[in-house]
Amino acid sequence: MDTMSNDHTGGYNRRRLLQGSAALGLAAFAGCVGTEPDDDNGADDADDGADADGMADEIDVWGWDIAARAMMLTAEEYEAEHGGTINVEEFGREAMKEDLRSRLTAGSGAPDVAMLEMIDGPAEIDTGAILEISDRLDEAGIEDDFVEGAWASLTDDDGAYAIPWDIGPTAVYYRRDVYDEHGLEADAIETWDDFIEEGQKLPDDVYMTEIPENDLDGVWRYQFRQLGNRPFTEDGEVNIYNDDSIQIAETIKRLYDEDVGRLIEGWSPAWFDAYGAGDIASLPSAAWMEGTLRDELPETDGLWGVYRIPAHEEGGPRASNWGGSSLMIPSQIDGAERDRAWDFITWTLATDEMQLLMYDEYGLFPALETTYENEEVFDEELDFYDGQPARRLFADVAEEMPEYEYSVNTPEVSDAINNHFFAMLRDDLDPEEAVENAAEEVADRTDRELA
Amino acid sequence: MRKQRQRDAVWKFLTYSFVIVMTLGMMVPLYWMMVAATLPQEEFLQFPPRLYPGTAFFDNLAVLHEETDFLISIWNSVFIAVVYTVLSVLLCSMAGFAFAKYEFRFKEPIFYTILATLILPIQLLVIPLFLMMSQIGWTDTFRAIIIPWLANPIGIFLMRQNMKSIPDALLESARMDGATEFQIFYRIALPAMRSSVAALAIILFLFQWDLFLYPLVILEDSANYTIPVALSGLEESRRVNFDQIMVASSLAIIPMAILFLILQKQFVSGILAGSLKE
């Protein structure tokens, strides 16, 4: 999402090109035989090539796009400081998930360290393929350095399995120029009622916000979390049919019925076009959206501002989280590789310098709470937001955001909410009915009881 | 008589209209892919979409090349697909010939067991195959991509059906003339099967060309990536590099298109050949 390709120096590309040409020659020469397998895949020989600390000389680390590139930076710093060789491999997102899942299931061939999205946390932990790290966490004493809300999806009854990396504190992005032109006041917005009221000042061809028809579950989820809910109770009962959930459905339906929100496919060409042209004035999203807006709509640089997501009632909570990821060690990795992997993970995620480096270069908002004390970074007045110190707002939201637990059945919840909320808008159904139907569908498909 | 001709004309008109509409329907995505390959990403995201070519093709190609070593991936894909196709056509033809023309014990059960493996989806085979390959140290090699798929049940089935049409008398007289069994296969059966071989070659080439999950898991070094694996790297978590993907996809269909153009005549007759029972 950054203009990554331009950031790399020629040297990097030349190197890759040379590697490539060498392989081309080799492949042509060796024919069907191909290249020899490299056996630096952790599990093989644990004691092989360990240094004085008992740590492996070399480990493999997997991540996708900017996350991988961010780790290339920290790996370079790590190697300079601690020695060892950290091979960071960059993948596409879905490709990495599939490849990794196969290797975790197979019980061999997995990398020494891999990225894990929080939304996938419970399902992956449930397979037993991820190393439990509670003892190491205790020994290092770093657990409290991270925002509390980030741990829920990375732990189960037995302990913790991954260290939080980045999170997505929520906020409403808004086009200052459009708000100014039509006399809307961002400061006046505290609740969704205010939001709708301000939105009605806009002319007919300009919408106050989007209603992403393909991501209604994302909208529901951040508000559900904002109100302090979890989708399943401690006993595993389906908890999505409650007053908060109904209130959220009502809010979404009001946005639609009062023509304040435009039903549109999120991230589609039409969507980007509408935000670029200012045809939609506000975008409730998370800290990571900045990078996308910078990248895809460079002409809007300096026109944006952020404020906290509206509350559902006056004085209600206005903090939530959308997205996030972590780093984990597969349980098939042991011995010297495991030690080196742990050393690299804690260096990358639990030191302020590295987290701030990754935030600065790639917009990965740190889950490491101790970084927020750095005023130089977090109170900086940013040109993109017309001088607003937006990072402080995100940091405040991060400290307040309630815990939320994804579950093994997150996909079923997403499907059900998306389908029934869309039906609610399309067929003008009662919001309570939509929520109830969604809850029943989840209960039915996951063999659970309704709470 | 005139009525008959009129009815034929109407029928022909309807048939052609239908075919033309279907063809257009299939061409539109291809056309859009090629147009999109020539647009910078901002213009690709424009709405309503631009439907005529732009000028950014070589810029997109340059970025693609920086990001993925794409030329090497094309080479890898061509190399793997060609080697695979040649070996697999040979193997499937030999197996098909054996099932069609020889009598041996358990012939039918063996044949139907092979056919039955068709119901196993590739996804199911990936993990056990990956384990096998890592146990024999073949991960990250081309042979691991090629060898496990050589005996292709569809290929064996297709060749068996078609080989059946070779008259036994022909084989018998060759035997009388002192030809070895392999000579009979190679000199008589295979040349008679030219169109089936062409059809099979396209099917197998396409199978290997499109294979994704398996090479994704097996291949590790990006210099060994095939086209689909390299393409998957262009999809990022919060944005998709459509411009590069479109360029890459446009390039990726070229070898396939060339192969099909060369073999299309044989392809159609080869597919139809086994469909008639004598």
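Placement of Cβ uses the backbone N, Cα and C atoms for every residue, glycine included.
All TrEMBL annotations are machine predictions without curation.
The domain 'ABC transmembrane type-1' annotation in TrEMBL covers B:74-263.
For B:12-34 (among others), the entry in TrEMBL reads transmembrane segment.
The annotation transmembrane segment is assigned in TrEMBL to B:74-98 (among others). Distant neighbours of the transmembrane segment (B:74-98): 104, 114, 142, 145-146, 149-152, 155-163, 185, 189-190, 193, 197, 200-201, 204-205, 208-209, 224-227, 251-252, 255; these residues of the same chain sit at least 6 beyond its ends, with a Cβ under 8 Å from one of its Cβ atoms.
Under the heading transmembrane segment, TrEMBL lists B:110-133 (among others).
Taken from TrEMBL, the feature transmembrane segment covers B:145-163 (among others). A Cβ distance under 8 Å defines the sequence-distant neighbours of the transmembrane segment (B:145-163), meaning residues of its chain 6+ beyond its ends; these are 80, 83-84, 87-89, 91-93, 95-97, 99-101, 111, 114-115, 117-118, 125, 129, 132-133, 189, 193, 196, 199-200, 203-204, 207-208, 211, 214-215, 218-219, 226, 270, 273-274.
The annotation transmembrane segment is assigned in TrEMBL to B:184-207 (among others). Beyond its flanks by at least six residues, the transmembrane segment (B:184-207) meets 81-82, 84-85, 88-89, 92-94, 97, 101, 149, 152, 154-155, 158-159, 162-163, 166, 170-171, 174-175, 256, 259-260, 263, 265-271, 273-274 of its own chain at Cβ-Cβ distances under 8 Å.
The transmembrane segment annotation in TrEMBL covers B:245-263 (among others).
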